[in-house]
Amino acid sequence: MSSRPPASLPARGPRLLLLSLLLLGTVPGPRPGSAFYLPGLAPVNFCTEEKKSNECKAEIELFVNRLDSVESVLPYEYTAFDFCQASEGKRPSENLGQVLFGERIEPSPYKFTFNKEETCKLVCTKTYHTEKAEDKQKLDFLKKSMLLNYQHHWIVDNMPVTWCYEVEDNQKFCNPGFPIGCYITDKGHAKDACVISSEFHERDTFYIFNHVDIKIQYHVVETGSMGARLVAAKLEPKSFRHTHIDKPDCSGPAMDISNKASGEIKIAYTYSISFEEEKNIRWASRWDYILESMPHTHIQWFSIMNSLVIVLFLSGMVAMIMLRTLHKDIARYNQMDSTEDAQEEFGWKLVHGDIFRPPRKGMLLSVFLGSGTQILIMTFVTLFFACLGFLSPANRGALMTCAVVLWVLLGTPAGYVAARFYKSFGGEKWKTNVLLTSFLCPGIVFADFFIMNLILWGEGSSAAIPFGTLVAILALWFCISVPLTFIGAYFGFKKNAIEHPVRTNQIPRQIPEQSFYTKPLPGIIMGGILPFGCIFIQLFFILNSIWSHQMYYMFGFLFLVFIILVITCSEATILLCYFHLCAEDYHWQWRSFLTSGFTAVYFLVYAIHYFFSKLQITGTASTILYFGYTMIMVLIFFLFTGTIGFFACFWFVTKIYSVVKVD
């Protein structure tokens, strides 16, 4: 029976949202995995049973992770299915990031000995009597999982066990997962993995992959400690209706389960394992064969070039304004000595007496700036560590753990920035300000997250955060982040208000009638287009890693895009700010925040488009979860980009009004 899927089988991998390569030295190239073990994940040596010692193990443990599907947002633990279960074994401890991502790694009943090959070894047999309600429920859950194409995720020596097959253009794709089984519809259409064999042909029938051929490749250690190191673990899923279940021989027809089957159904789970020495692959680069099979590296470079063109265009525009227009304006303004000349002032200098007038809703703006600063620093530091290889796919859950810990510890700059600007806006309710900074934005995110978690609890999904973890998150928030925010706010309020280069008039200047293009809404809508143009290709891969369970590892690209996004948001906001000041509209504070923050609205529109055009998600719960988590990402992105725009515009306005002579 052939086990190679044709090109029509979708290329899918596990969700490893580990958004790690050195920015310059290891931007993805011919060997994208070479930087993964730089921080020092220690290798494990394996020996045969006769040579085992404390430094060299003989037993190879296979762990199982949660099962997931691209047609459902709901992952499930391995134990939720009626598969063969481990009789003993210690469950690996999981970090905060793994728990938040829904990973549930458990020991499996599959036990191997290094270099000891086995053929058609029986693991267990499951028997179902369809007239029994409990058995029927288990069988129906198994059928539903095959219908939704749920995938196993197995782990050997911290490496995913991969299913490698050819996709389009004879390219090999190594999927770090394999399906439970597949389904032939009542019209004879083969769904998902059922296309791999002509033996899967019975209508309205499920075929379960109850046998796996596992091949483990190893590299012999030439120097130092004796033994070998595992460099790859691959498998081929197969289906057999074993003639003699007690002594299976892994031959015969496929294991089919008719949708209308009744009576007794027996499923025997078996495996075969072989070992192969691999001289060309070193342990430090053992992820390469998986990562090199991932497509779209050339598209990533196109994305970078596209973004750089936008940055160069904006930089040219800003340079022209700063070096020519502003330089001439400032020179002309500074040469005006007579009252008659002063009366002929026009453009942005006319509003010098109102440019630093406190904005409306200054409390809310300062709170947004504090939270945005927290997110901005967190993102930069997280991506920096990712580029150094600390947050690679081999270090499971590290990315999310790092982000959460950084967010908690960055309460101080959030409180400081919020307090500093609120005081500069003339605010006096410092207690309200620090409380809102501590609880408003984090509270919205947590409330959304908690509602999503209730849905996951109700569905029995492994992605549901345990009660103890929720308590731990609340403890981090209330016991560490909030006090740090108060400390930052204390120092922010203690300092003098920000000194502006020009005084503010007592009577506000009337803003003249604005043209369509200088009105607030058109400018805000236009301001988000260019920043979004820099990230939308990268956004596709990030959404794929989250919702389509594809591996993301190109942190070098992502860090470059992050820098480009910061520059683009800054320059686009400065450009529009200048045009509005020339139109004598001095309400720049909220406008600068919303101009770059509007990029998040384009993010939301793209996420909606992605849901309907790219995903195969079905079910009300999965749809609610998708848009619930999307709203969290949109809010975080809004605060992140809006803060960049405000700081850029604040610097620009302070700079230009500090170099003109004002009586």
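A Cβ is built for glycine as well, from the same backbone N, Cα and C atoms used for every other residue.
The signal peptide feature in Swiss-Prot is assigned to 1-28; the stated evidence is sequence analysis.
Model confidence over the topological domain 'Lumenal' (29-300) is summarised by a mean pLDDT of 86. Summarising the annotation, Swiss-Prot assigns topological domain 'Lumenal' to 29-300 (among others).
Per Swiss-Prot, transmembrane segment is recorded for 301-321 (among others), and the stated evidence type is sequence analysis.
According to Swiss-Prot, the topological domain 'Cytoplasmic' annotation covers 322-374 (among others), on the basis of sequence analysis.
Swiss-Prot lists 375-395 (among others) with the feature transmembrane segment, giving sequence analysis as the kind of evidence.
Residues or ranges marked as transmembrane segment by Swiss-Prot on the basis of sequence analysis: 399-419 (among others). Under 8 Å from some Cβ of the transmembrane segment (399-419) lie the Cβ atoms of residues 17-19, 95-98, 100-101, 366-367, 369-371, 373-375, 377-378, 381-382, 385-386, 390-391, 430, 433-434, 436-438, 473, 476-477, 480-493, all in the same chain and six or more residues away from its ends.
For 420-437 (among others), the entry in Swiss-Prot reads topological domain 'Cytoplasmic', with the evidence type sequence analysis. Among residues of the same chain six or more beyond the topological domain 'Cytoplasmic' (420-437), those with a C-beta under 8 A of the stretch's C-beta atoms are 358-359, 362-367, 369-371, 414, 485-486, 489, 492-493, 495, 497-498.
Summarising the annotation, Swiss-Prot assigns transmembrane segment to 438-458 (among others).
What Swiss-Prot records for 459-466 (among others) is topological domain 'Lumenal'. Note on the topological domain 'Lumenal' (459-466): residues 66, 73-77, 80, 99-102, 104, 453, 473, 621 of its chain, located 6 or more positions outside it, place their CB under 8 angstroms from a CB of the stretch.
Positions annotated as transmembrane segment by Swiss-Prot, on the basis of sequence analysis: 467-487 (among others).
Counting residues 6+ beyond its ends, the topological domain 'Cytoplasmic' (488-522) has Cβ neighbours under 8 Å at 350-357, 411-421, 423-424, 430, 433-434, 437, 579-580, 583-587, 591, 594, 654, 657-658, 662 in the same chain. As annotated by Swiss-Prot, topological domain 'Cytoplasmic' applies to 488-522 (among others), with the evidence given as sequence analysis.
Swiss-Prot lists 523-543 (among others) with the feature transmembrane segment.
For 544-554 (among others), the entry in Swiss-Prot reads topological domain 'Lumenal'. Taken through DSSP, the topological domain 'Lumenal' (544-554) splits into 4 helix, 0 strand, 7 coil.
Residues or ranges marked as transmembrane segment in Swiss-Prot (evidence: sequence analysis): 555-575 (among others).
According to Swiss-Prot, the feature topological domain 'Cytoplasmic' maps to 576-591 (among others), an assignment based on sequence analysis. Tertiary proximity for the topological domain 'Cytoplasmic' (576-591) is limited to same-chain residues at least six positions away from its ends with a CB under 8 Å from its CB atoms, namely 321, 347-348, 350-351, 354-355, 357, 359-362, 365, 509, 511-512, 514-515, 517-518, 520, 523-524, 526-527, 646, 649, 652-653.
Taken from Swiss-Prot, the feature transmembrane segment applies to 592-612 (among others), supported by sequence analysis.
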Contact call for the transmembrane segment (375-395) against the transmembrane segment (632-652), three or more Cβ pairs under 8 Å: yes
Helix, strand and coil counts within the topological domain 'Cytoplasmic' (576-591) (DSSP): 10 helix, 0 strand, 6 coil
For the transmembrane segment (467-487), sequence-distant contacts whose Cβ falls under 8 Å of one of its Cβ atoms, 6 or more beyond its ends: 96, 99-100, 370, 404, 407-412, 414-415, 434, 437-439, 442, 446, 450, 453
When counting Cβ pairs under 8 Å to the transmembrane segment (523-543), the leader among 301-321, 438-458, 555-575: 555-575
